[in-house]
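What Swiss-Prot lists as NAD(+) binding site is ARG17, MET19, ASP38, ASP61, VAL62, ASN88, TYR153, LYS157, VAL186, THR188, THR191. If you look up Swiss-Prot, you'll see TYR153 marked as active site, proton acceptor, on the strength of a curator's inference.
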Amino acid sequence: MSGRLIGKVALVSGGARGMGASHVRAMVAEGAKVVFGDILDEEGKAVAAELADAARYVHLDVTQPAQWTAAVDTAVTAFGGLHVLVNNAGILNIGTIEDYALTEWQRILDVNLTGVFLGIRAVVKPMKEAGRGSIINISSIEGLAGTVACHGYTATKFAVRGLTKSTALELGPSGIRVNSIHPGLVKTPMTDWVPEDIFQTALGRAAEPVEVSNLVVYLASDESSYSTGAEFVVDGGTVAGLAHNDFGAVEVSSQPEWVT
């Protein structure tokens with residue numbers, strides 16, 4: 001690796017497995033020091049042991065403000081500051097709108113939206129003290145377009161996209177950038193029950209976690225120094241449009257002349 005994140009300290013939520021663990025490993029590989037949190041303590045401790053002195057694991061329920069404060073304090077105490085936040089933690093639940101329980105609605109809002117808000121709020125002070133920062137909110141393509149039966153997930157991911165923009169405007173003068181990443185289907189434990197062909201993608205496959213992590217590293221680095229308030233889509237072409245695969249088999253000479 002090329003050391004693109006040397007001198008930076010990052011905090012990652014939901015970092016014990018899946019995309020979060022991939023983000024942690026990718027940033028450490030590029031020279032960052034990383035504090036990461038989750039509620040999956042055994043898995044988190046195993047990742048921290050693998051990364052040795054470059055990482056610290058903390059228990060972090062993203063709905064609890066005090067645990068965010070403790071995670072930030074760990075980063076500042078252990079590594080001397082905080083420059084990057086990756087709001088990665090999230091959950092998915094599904095159901096028809098008429099049967100969608102209020103408790104499930106509230107739960108997904110608490111984790112996917114309030115958790116992001118609390119994370120951003122917690123890191124502003126140390127990032128202002130550092131004179132710079134990059135906040136990376138993991139949204140989804142469901143933050144760009146709706147999906148049947150994913151009402152809570154879609155609502156929260158759209159909201160994260162909006163929160164990204166309002167905070168980017170507010171924090172920009174302090175040198176803090178805020179962007180959102182919008183993955184499509186990614187091969188993680190949270191989505192292992194989803195058929196890989198559920199979305200018709202231009203590339204014809206689901207993403208590997210590292211393909212999202214590569215974008216996280218870019219946004220954490222100074223390479224993205226003029227990017228803020230923006231959406232970065234990594235979805236294999238899912239939201240680009242309908243993939244009319246049948247058209248590709250039609251001979252050009254046999255196509256009708258369409259007049260509009």
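Here the Cβ of each residue, glycine as well, is placed from N, Cα and C on the backbone.
Mapped onto this structure are the features recorded in Swiss-Prot.
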{"residue": "ARG17", "record": "NAD(+) binding site", "DSSP (3 states)": "coil"}
{"residue": "ASP38", "record": "NAD(+) binding site", "DSSP (3 states)": "strand"}
{"residue": "VAL62", "record": "NAD(+) binding site", "DSSP (3 states)": "coil"}
{"residue": "TYR153", "record": "NAD(+) binding site", "DSSP (3 states)": "helix"}
{"residue": "VAL186", "record": "NAD(+) binding site", "DSSP (3 states)": "strand"}
{"residue": "THR191", "record": "NAD(+) binding site", "DSSP (3 states)": "helix"}
Original post:
Can you count the other CB atoms that lie within 10 A of the CB of THR191 (NAD(+) binding site)?
Top reply: 17
Subject >> Same-chain residues at least 6 apart in sequence whose Cβ lies under 8 Å from VAL186 (NAD(+) binding site) >> reply: GLY18, MET19, ALA206, ALA207, GLU208, PRO209, GLU211, VAL212
Subject >> Which same-chain residues, if any, lie at least 6 apart from ASP38 (NAD(+) binding site) yet have Cβ under 8 Å of it >> reply: SER13, GLY14, GLY15, ALA16, ARG17, GLY20, GLY44, TYR57, HIS59, LEU60, ALA89
**OP:** Compile a sequence-ordered list of residues in the same chain as TYR153 (NAD(+) binding site), six or more apart from it, whose Cβ lies below 8 A from its Cβ; state 'none' when nothing qualifies.
**Re:** LEU92, ASN93, ILE94, ILE108, ASN112, SER140, GLU142, THR147
Subject >> Count of other CB atoms lying within 10 Å of the CB belonging to ARG17 (NAD(+) binding site) >> reply: 18
